[in-house]
Amino acid sequence: MPRSALLCCLILLAGVAASRDQGTQSENSCAHFPASLPHMLRELRAAFGRVKTFFQMKDQLDNMLLTRSLLEDFKGYLGCQALSEMIQFYLEEVMPQAENHGPDIKEHVNSLGEKLKTLRLRLRRCHRFLPCENKSKAVEQVRGVFSKLQEKGVYKAMSEFDIFINYIEAYMTMKMKN
């Protein structure tokens, strides 16, 4: 066998071994994910606690944005998609507007957003927790109401962020039992 062919084979085998080891690391982090979830949810709740009073004081609306139908979607066959869409909704629509309420609020909302991004990244790496494609009607309803509320929608969505964390917890608890 020529040296160049032998060298190519060795490089290929090294690449396959490295790839397999990386897959094992990813699987290991997924194995530990259920144990780290309570800590991640506590961090989300603590980060939200820094802005909760501000947004709940500004929320003058009596109706709920995050309704029971959203929780039912989280618990049903659309749970994965509902969770994915709601994380995207908060990161792309709610939090950018929520950051416009002063430097202190911006800092805390930004921190909350980073923790939510970390959760989303961990969920995506562990495909059994976020393997989805379908659209959730309940999330579409939340988005529609949020848009109609205009500026008040930010106060409403941020004031109910703790409900969103509870829905995440309900979804993840259900997935870990399966």
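Quick reminder: no glycine exception, Cβ is built from N, Cα and C everywhere.
The record in Swiss-Prot lists a disulphide bond between CYS30 and one of CYS126, CYS132, namely CYS126. Classification of CYS126 (disulfide bond) by DSSP places it in coil, neither helical nor stranded. In the three-state DSSP classification, CYS30 (disulfide bond) falls within a helix. Least crowded of the disulfide-bonded residues (CYS30, CYS80, CYS126), judged by neighbouring Cβ atoms within 10 Å of its own Cβ: CYS30.
Distance between Cα atoms for CYS126 (disulfide bond) and CYS80 (disulfide bond): 12 Å, as a whole number. In this structure the alpha carbons, written CA, of CYS80 (disulfide bond) and CYS30 (disulfide bond) are 16 Å apart.
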